[in-house]
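Asker: What follows is a single structure, and I will ask about it in a moment.
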Amino acid sequence: MTLPHGGLRGRGWPLLADDMFRLAHRDSTGTPLLDPHVAGLGLAAALLGELLLTGHVSVRSGLVVVSDRAAPSDVLAHTVLDQLLSEREQHPVRTWLAYLGRSAVEEVAARIERAGHLRAEVSRRIFARTVRYVPTDMNTAAWPWARLARLLRRGGPLDDFDTLLGGLVVAADLHRVVLIGEADAFFTAMRPLLTAAADPIRELITHTRAAAGDAVITKT
Amino acid sequence: MSPSRRESSSSVTAALARSRLGVWPLVWIVMAAAAPLTVVAGGATAGFAVTGITGIPLGYVVVALILAVFSIGYVAMSRKVVNAGAFYTYITHGLGKPAGVAGSFVAVVGYNLMQTGLYGGFGVAAHDFATAHLGTSAPWWMWAMLAWALIAFLGGRRIDLNGRVLAVLLIAEIAVAIVLAIVQVSHPAGGNTSFTTLSPGNLFTAGLGAALATAIAGFVGFEGTAVFSEESKDPQKTVARATYLALAIIGVLYAFCAWTMSVATGPDQIVARATSDGSQLIFNLSSPYVPAALITLGQLLFVTSLFAALLAFHNTAARYFYALGREGVLPSALGKTSPKTRAPIYGSLLQTAIALIVIATYMLAGWDPFTRMFFWLTVLGGVAVLILMCATSVSVLVYFFHPRHRDGVGTARGILAPALATVALGAVLSVTLVQMPILLGVGATSPVRWQLPGVFAVAAVLGAVWALVLKARRPDVYAVIGLGANSAVTEPASPLVTAGR
């Protein structure tokens with residue numbers, strides 16, 4: 001598995017969830033583009049994906065398996081791995097998505113905020129207190145889409161980081177909001193790459209897609 | 001999944017269980033679709049009027065019992081089958097993919113009939129209410145179109161009625177229905193309380209099938225509990241308890257309210273009064289004895305109850321289109337969602353379009369919105385669910401016949417109960433088909449007696465043929481039939497996908 005390197009994709013640690021978060025929010029205003037539940041599932045999958053990319057975990061027959069107990073250099077990833085390790089038994093991907101998905105949006109937002117790329121704006125309305133995460137720099141926020149779109153237009157393979165990212169976008173149907181008009185082209189370009197992806201990556205993506213799909217059916 | 005694994009002290013499973021649905025939320029979801037006042041004020045009276053059968057109250061009791069037996073195997077299988085979302089999933093597992101797709105087509109037609117038929121009931125109820133209390137006389141179809149526009153908006157944005165609003169409405173509906181029933185039973189016709197309409201002798205006459213089919217239409221929606229099996233606190237117990245509880249509550253309520261109406265009119269007059277008063281019967285019978293405000297409230301709740309049912313069945317139909325689109329059985333556009341709202345957007349739009357066509361047809365043809373639209377279409381929707389329950393019972397039986405599926409499910413639950421349910425539901429279905437003219441209130445030689453239920457035969461044949469076409473042309477789609485959203489996971493079917501919670 002190729003380790004990603006440098007730039008906005010994380011210095012040393014593959015900040016997959018950060019990019020997923022940026023994709024799932026409007027770059028100018030920070031308005032969420034996904035239903036909160038599905039956003040949680042997508043970000044939970046991205047957090048697992050980070051550990052997958054660094055070889056800390058693997059996905060086999062639908063189960064998340066820890067393969068390297070060494071502490072990750074990223075604090076949030078460290079917390080996630082600790083949670084995985086504290087369970088005596090292995091849980092299915094779907095269970096972890098549901099569990100991590102409950103707080104993933106806030107946790108990933110906090111990580112990006114710590115890095116100085118987001119500013120939390122709290123607004124109080126009559127009934128609820130809502131937090132909107134506004135990007136401090138639109139270019140940084142727009143970078144993942146620009147990169148994915150450019151790579152797909154160029155054709156050819158993506159590395160594991162971008163394959164996972166593109167796959168999670170498809171799993172959450174996110175490309176339909178952002179790439180209006182180009183959504184089908186994006187899907188067509190991603191599909192062969194997902195089919196050819198390594199088994200754990202493909203499994204993580206398909207389980208995320210299934211979880212997001214079930215969330216549509218059982219929304220209460 | 002072994003029960004012992006579930007009980008392990010895992011903080012993850014414990015944390016997830018806390019946020020899952022308990023018994024009562026599930027009961028509410030089911031009862032919202034069942035819409036008690038719709039059934040009591042609309043379904044039962046239309047049943048008396050159209051079929052001319054006085055045994056409707058007993059029909060509700062008998063059907064509740066049959067459905068309870070059906071639920072034993074149905075709930076047992078919902079724990080075994082991944083994405084046990086819908087009848088067609090079970091049929092696919094038990095009887096194969098062509099039968100599964102046939103079932104899915106019958107379901108799509110049935111739920112759409114149910115939903116569109118409710119517009120007739122809503123239109124009439126809203127028209128009556130507005131005429132009596134608001135002094136407007138807009139025709140029924142204007143009210144139906146108003147509801148249609150609202151449903152199109154709410155469904156397309158996946159806005160459900162707020163859980164608390166729904167709970168308040170439901171409790172109010174049930175309370176009003178019970179108060180009116182008590183008033184009716186304390187003012188019996190001729191001063192004597194008659195149990196005739198609850199006596200078995202009265203039911204097992206010429207109109208048995210018609211009474212049972214009317215009753216089944218009132219229960220449609222109860223099957224929804226199994227959809228939430230993976231969202232419930234304890235899949236072993238929550239779904240089963242919620243299903244039986246919902247069946248018991250609505251069974252007793254329907255039977256009691258329908259019976260008290262017959263007490264107030266006298267059993268010999270119930271058919272005549274139901275025919276002349278329609279959905280206003282329950283209110284007219286009580287109005288001399290209670291404050292006018294209570295009657296007005298009841299009439300208003302009848303309208304809101306119909307609206308809640310419209311929205312519930314709109315979402316059910318849209319979800320069916322979505323699941324089939326996601327699998328690729330129907331065009332994959334139907335499997336697309338609106339990411340922001342989690343709405344099955346194209347499924348919702350398609351259902352909205354179908355409803356528009358049906359409302360327009362009834363409006364232009366000038367057909368009666370209460371008997372021909374509300375009663376016929378919802379009862380036909382009930383017949384579709386009856387057909388699906390028959391097929392599902394057989395499927396549950398076949399599924400548990402394999403000893404390897406029977407882990408933790410005894411012979412009584414896995415074999416005996418579905419066998420009994422198959423026989424009972426099969427019997428109900430055959431008398432329903434034989435007595436279709438009585439059920440529809442048409443002459444024995446009328447062609448509609450075959451044409452209307454024939455719609456389901458056509459749907460089933462088309463479904464089976466389509467499955468075989470898919471098998472030949474698109475084996476990848478054929479491979480995932482019955483998986484719904486889980487069709488994304490095409491790894492060798494691993495029961496572990498839902499295990500370990």
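Note that Cβ sites are derived from N, Cα and C of the backbone, with glycine treated the same way.
Nobody curates TrEMBL annotations by hand; they come from automatic prediction.
Among the features that TrEMBL reports, transmembrane segment is placed at B:21-50, B:56-77, B:98-118, B:138-156, B:165-183, B:203-222, B:242-261, B:289-313, B:345-367, B:373-402, B:414-438, B:450-470.
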Asker: Do the transmembrane segment (B:289-313) and the transmembrane segment (B:414-438) share at least 3 Cβ pairs closer than 8 Å, excluding pairs fewer than 6 residues apart in sequence?
Answerer: no
Asker: Name the range, of those listed as B:98-118, B:138-156, B:450-470, that has the largest tally of Cβ pairs under 8 Å with the transmembrane segment (B:373-402).
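Answerer: Out of the listed stretches, B:98-118 contacts the transmembrane segment (B:373-402) most.
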Asker: Tell me if the transmembrane segment (B:345-367) touches the transmembrane segment (B:21-50). I count contact as 3 or more CB pairs below 8 A, with pairs 6 or more residues apart.
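Answerer: Not in contact, no.
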Asker: Under 8 angstroms for C-beta pairs, at least 3 of them, ignoring pairs fewer than 6 apart in sequence. Is the transmembrane segment (B:138-156) in contact with the transmembrane segment (B:450-470) by that rule?
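Answerer: They are not in contact.
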Asker: Who are the long-range neighbours of the transmembrane segment (B:203-222) in its own chain, taking Cβ under 8 Å and residues 6 or more past its ends?
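Answerer: For the transmembrane segment (B:203-222), the far contacts come to 30-35, 39, 43-44, 46-47, 51-53, 55-56, 58-60, 62-64, 67, 71, 114, 243, 246-247, 250-251, 254, 309, 312-313, 316, 378-379, 381-383, 385-386, 428, 430-436, 438-439.
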Asker: List, by number or range, the same-chain residues at least 6 past the transmembrane segment (B:165-183) whose CB is under 8 A from its CB atoms?
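Answerer: For the transmembrane segment (B:165-183), the nonlocal Cβ contacts are 28, 31-32, 35-37, 40-41, 253, 256-257, 260-261, 282-283, 285-286, 289-290, 294, 297-298, 301, 304-305, 308.
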